[in-house]
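Below is one structure, written out as structure tokens; comments come after it.
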Amino acid sequence: MAELILLLVVLAVIIFIILTHSKNKIDLRLYRLESKAKAQESEIQRLKSQINELANRSTSVVATPQVENVPAVQPATSETAEQFTNLEMSSVEAVETLLATDTTETTDLATTTELQETHAAPSYDPFIDKVQDVRQPNPILQWFLKGNPILKVGAVILFLGLSFLLRFASEHISFSIEARYASVAITGVICSLVGWRLRNTRREYGLTLQGLGIGVLYLTSLATFKLHQLFPVWLVFLFQVILVAVMVALALLQNARILAQVALIGGLASPVLLSDGSGNYLVLFSYLALLNTSIAVVAWFKSWRSLNLIGFVGSTILITGWGVQHYKPELYLVCQLFLAYYLTLYTFIVWRFATLQSATSNELSEQYNNATLAQLVQHWLSGAKLIGILDSGLLVGSAVSAFAMQYAITYNFADGILYSGLGFALFYGIFGVVIHRNVKLHIVAHAMFALSLVFFTIGLSDIFTEQSKTFALWGLEAALIYAFSIYQKSPVARLTALSFFILISLLTHVFFSENLTNSFSVIVLGFAIYAAWQRYRSQVSAVWEKIMAGVIFAISLLALAFKPSVLHDLDYLSQLTAVILTAALAVICALVQWHWFNRLLTVLTSVILFISFIPLRFLFLESHIETLLLALLGLISWFVGWSIANPKYRHTDFANTASFSGLIDVLAGCYLLFGALMNVAFLDEALIITRNIVILFALLSLFVQITQWQQVNKIQLAYLPLFTLVSIGFDYVLESSVTQKNIYDWLLILVAACGLHYLILWQLRNTFQVLEEKMKPYWHMIGLNVFIIAFTLFCITWAEFKELTDAWFMLSLTLVPLIVLSILMRSRNFLIQQNLESIYLQQGILPTLLFLFGWLIFGNIISDGTSTPLPYLPILNPLELASLATIYLLWNWQKLYTPVQYKNYVLSAMAAIGLFMVSVIVMRVWHHYAGIEWKLVTLLASFGLQATLSVIWTLCAIVLMIKGNKSGQQPIWISGAALISLVVIKLFLVELGNSGGVARIVSFIVVGLLLLVVGYFAPIPPKKKMVATESQE
């Protein structure tokens, strides 16, 4: 009795929930209508205010009494009408009721709204736009949330509660089994009848109750047989057939997808909830066959994809769960028959779905076909994936799950996978042939053919014992799926195919690269996929597809580039052949990239070029590397770099990357050519590095001249620093590589290097405009002084090797600076034309001038002028001729470039140098002809030398004074007088100490006579003449 009371209480609660929920829903709708009416009333009041304001403005502007006809009111009325374009009819009625006593203005507003809703195109509504922007939620979650979620949650909970009630009743309640089942069945019938009664007034509520009731009857019929065997199998099965028929009829009559979904979910849940763990396969298979047959019947009339997917997923889970726990080999035949039925049924459903969709469905939009990865993931997560004619998810899902089950039951059979794969291939092939007769279903037929090919390759894969060979077959499948998905416009299928092929490619080329047939097959398939993408998808595909296609192309191309090295390691190819093949591939890629610009190929070409170096395995060249091969690779690198950086069709957005990649290739070519030159026997080996640098940059300069590739000039900027470091720093200073044997080789290298430097500067004339202009003078000045130093070092070294005497050695120090300064002075006009005068003659030559000035002082002090084998002749000897030439060039230079404010200082310095040179010449004369030792102390101790100096200085002073007198320039005359004063002081301080010496007598007499003469002929010029002369100047 307690149990019966409990059951009645449950029924009462259900009825109470139904009634109260209906009332609550009505109250809720009334509350919503009132809220909308209030909001609309407020909006109308706001619009009235705007209309009045516009009318007032019109009255103040236009001086006419006709305020009613102001045109400015119309836009406001139109705007008002737009606010109600998409309102529900119930809301409009509520507004009209609330505003029935309003003015004529409101009536006109309602009329305008009705006309706009009837005739005008849908106007812009921001609320609708916001709603449309929201992404579709998951179908299951949407089913629970939309409409009446409380009802649906209650139905599910009630269904579970009844299931648990049956189990509890079977264990604890003592009233008869028949009464228990009858009470539950009556509950299901009541739910179904109440739902049928409410099908017109409360459609959603009624459909849910119908589904709940049918599910309960499902549960009850199954429990009567499985738990207590109250009825024979045939009777229970007949009852379930009747239930299926009723469910199908109700769903079709009411066009109620939700009814079918609820009933199907309940039916699929029944075996799980009432399972006794015995694993009775006959009952389960019969039940699932019946349930899925009902789905097929519905699918014949309705294209309800969600129902098909629920049946497929639920059936697959139940079958898999049973198989994992209870399958035995002796059940193979039954399982094979059911599996065949299962596969055929869902393939039939796919065909029927496509047939129904072909009449009403349009193809997938291009927007979805080109969706981004984030959009695809969002569609997948939300369950809102667009479906065209073909339900590829159900087709592929049923094929994969069925074959997985087939694999499980035939795993232990000999050639089980082979025959299973061929059987599936035959099945889908036949299906495809049959379906292909319908023109509208060609896409479905192509999908069948694709699956047939997939299973055919799977079957064939069982023949190959090596795992690596199977990857080629899987790669073929991925390629076919991608090609088919392009035709079908299925981005999800393309994403899957590309991801799968990338995985297959990596596994093949990383772990099974030595299997040549397999790896070459995967490479060819990769190129095919990229070609298909390039032909059909490159212009419209999303970023994810571009990236994945590029990854596949990169993997395939790099794998092909590595193949010669792999073949070399396997002793199929020689090292030379492997390098040539890889380099040839780089050249082909470069030519393709030059004609057909491709960013990815631009980078990959450089990578392939470097891959060609792998078989070399050299560090500054091992002996087995042939020089010709290295030179050829170097030239190929230059060609590849040029083709990358200078394509036929330039793309400015990728110019920097292309230029950088091209320069890297040129650098690689320089390294290879340098290595080749290391094996060339030319000139002395001690100077091989300097020689190679000059030859390498000469070739590079020629390459620039031929290609007119100005950016390579940036590499040529490294020439001068490298040459300076190696030639002067390494060869001369550190290693002392210059010997008497190779001295002329070094001269030849220096001449070539100097010519190359100025050739590079000529080629850089445009590059300096691109680079910072400040670099130009520094580059010219550094080059000038570097080569002056280099040639001077050659002269010094040559003089040392020839063991030349003192004067000749001093001449070697100044020979190159004098020649350079003389050439620059003679080329002044040319330098002015080239805007190089200030660079060379004012700035760049300064270090040379300072060196010459220092040499003039210290060289003449150190050297005694011995010039063996020539005898010493005053002035006519190497040292003094060089000194005079230096003074002459310095004098000419200062006349042109000394600033006016420093003119007097420079003239004084030049006069001092002249006096110094005269004195030094006198000393050398006494040294060579009087035998006085070349030491300053010894020379100054000679009174004869002192007397000679006094006479010579006096003569110099007389010359200055006479010139000053004749020209009227008092400063010159004063300079001579100062020199005379110096002589007089010297006479009394030096010569006077030589008491009784002839030298003292001669010096005093001669100097005195000379002073008398100069006093008579060249007195100090008057100031007036001097001033006049200065004014003339």
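Quick reminder: no glycine exception, Cβ is built from N, Cα and C everywhere.
Residues annotated as coiled coil in TrEMBL: 30-57.
Here TrEMBL flags 6-22 (among others) as transmembrane segment.
The annotation transmembrane segment is assigned in TrEMBL to 205-225 (among others).
Summarising the annotation, TrEMBL assigns transmembrane segment to 231-253 (among others).
TrEMBL lists 307-325 (among others) with the feature transmembrane segment. Remote same-chain residues near the transmembrane segment (307-325) are listed as 257, 260-261, 264-265, 268, 271-272, 279, 281, 284, 288, 291-292, 295, 298-299, 335, 338, 342, 346, 349, 353, 391, 393-394, 397-398, 401, 405, 408-409 (criterion: CB distance under 8 Å, separation of at least six residues from the stretch ends).
TrEMBL lists 331-351 (among others) with the feature transmembrane segment.
Per TrEMBL, the feature transmembrane segment maps to 443-465 (among others).
According to TrEMBL, the feature transmembrane segment maps to 600-621 (among others).
Here the transmembrane segment (746-765) has Cβ contacts under 8 Å with residues 683-684, 687, 690-691, 694, 697-698, 701, 704-705, 713, 716-717, 719-720, 723, 727, 731, 738, 779-780, 783, 787, 790-791, 794, 797 of the same chain, all six or more residues outside its ends. The feature transmembrane segment is assigned by TrEMBL to 746-765 (among others).
TrEMBL lists 875-893 (among others) with the feature transmembrane segment.
Among the features that TrEMBL reports, transmembrane segment is placed at 905-927 (among others). Here the transmembrane segment (905-927) has Cβ contacts under 8 Å with residues 856-857, 860-861, 864-865, 872, 874-875, 880, 883-884, 887, 890-891, 894, 898, 933-934, 939, 942, 944-945, 948-949, 952-953, 956, 975, 979 of the same chain, all six or more residues outside its ends.
Per TrEMBL, transmembrane segment is recorded for 939-960 (among others).
The annotation transmembrane segment is assigned in TrEMBL to 1001-1018 (among others).
Sequence-distant contacts of the transmembrane segment (875-893) (same chain, six or more residues past either end, CB-CB distance under 8 Å): 806-808, 810-811, 814-815, 818, 821-822, 825, 841, 845, 849, 852-853, 855-856, 859-860, 863, 865, 867, 910, 913-914, 917, 921, 924.
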